[in-house]
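Taken from TrEMBL as is:
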ACT_SITE  A:141  active site, proton donor/acceptor
ACT_SITE  A:171  active site, schiff-base intermediate with substrate
BINDING   A:49, A:212  pyruvate binding site
């Protein structure tokens, strides 16, 4: 069995909330379609940007079900399913498969820090053995600055060796291009996906497969331009312009707390104020910050 | 309304697992009774040592229900109920109250790091406003080396001011006695509980209320001696001997990875091998390490 390598521009989609801070499913589905229309290959919902771990399992299931029921092709959805409790990870992964969603992004259990590689291997193995579905494709999730639990090269190699048709990629959100390039070089066919928008371009030249990023909530079209034309010398100007736009939008979001800023920027660009809401412990930008951000947005390419 | 201050020796109880790594409820209940018989005032189940975040909500509910059904006085149980998703924290807190268990230890949402104090305040307030039960007493949980989310003095003060009859204490597992003393001095009547066994003794002299610790799975009797007699000059020798025993057992556990070591030591002292099991991502001590540890146990006071 051989599956095509995961690749392309995946959006780490924000999750719109209603006034009670519950997931606004209709607006979420509309956002998914907006992202795909902009050129994203897929929607990596329920990740860090999507505030997944601020939702209950029932809410997470409902969000994914809404996307599928709302007409998003399950092949273009890649939900986060990794939690601290392996039973929960198993449940969410099985649930995704039950909807025909076969690709997931899987955090390691992230409560305990400094755990041994053997323990992380055992955790992933426990989940994969329990799910035991040939359709499943797992993207490991390396975001140590948030999870506190890095995915090291030794762990990656062991998981690929044991589950070659299932452990098929990694989202690397640590921002270290050399680390991504080293993984890509060590494991041809394994999909290395950048977690930071500006790194899509250099990573594609180093054997990377694409990206899963936050700024693609706003500039998916530019990321798509980079992805499609990065190797075409005749398109160098277009690619450079797209990259400059990506960097400008990302730099603006990162001059605030990133996730609330991305949501505020989505609210500003769509005109839907409510899209700026976040769940505690995140804090929405206040009115003054949102006004200042909206003014700066006008100046971006 | 005024409630007596929480105080005494609470055990951060381990959770026995069966061969399938599911909670072994019968052995858990037996362990609770063993701890209370040893002199612990209460059982702080489902904390970090109890591997709470490695269990699903259903498993966590079942563990608490087993303790109550097994005859442990609900007034002596203090489960951990704090999760990343506030809906889950609300559910577990309500569940505890439904069983007559009114005291809980509550982690802040711990996925996002570096969040603003406003966000942590909003998270706790959201939970407390939703539960809205006058019986509830919440012990905040400061264990930044694991959770990655410290509970600062500003947050403590705001929560006490807003919820004076509900936010009644803190478990401080960061190991900094000066921090504990400062909280106790700033908030008389607020229960500061040491998360590290050797700090019970000095903390009691600095206005602290007691402890919630891992080594009390093994030497609860010594911790009780310290608690009962720390201020009695005539008992100085007994207290010093108890403190030396506490330190010796703790030092041994901490010369390995702590939680697997505590479980291995409980297995060795009870003769029940299975009590050494842990869930991934934790890794049980291997046979050689367990044998070495058991030999060292023989030499301890």
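Using the three backbone atoms N, Cα and C, a Cβ is placed for every residue, glycine included.
These figures come from a predicted structure and were not determined experimentally.
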Mapped DSSP class for the residue listed as 'active site, proton donor/acceptor', helix or strand or coil: strand
Rounded to the nearest Å - Cα separation of residue A:141 (active site, proton donor/acceptor) and residue A:171 (active site, schiff-base intermediate with substrate): 5
C-alpha spacing of residue A:171 (active site, schiff-base intermediate with substrate) relative to residue A:49 (pyruvate binding site), in angstrom: 13
Residue A:171 (active site, schiff-base intermediate with substrate) CB neighbourhood, other CB atoms within 10 A: 31
Residue with minimal Cβ packing [other Cβ atoms within 10 Å] among the recorded positions A:49, A:141: A:49
Residues that sit under 8 angstroms from residue A:212 (pyruvate binding site) by C-beta distance, when 6+ apart in the chain: A:10, A:11, A:12, A:44, A:47, A:78, A:105, A:139, A:171, A:193, A:194, A:195
Conformational class of residue A:49 (pyruvate binding site) under the three-state DSSP mapping: coil
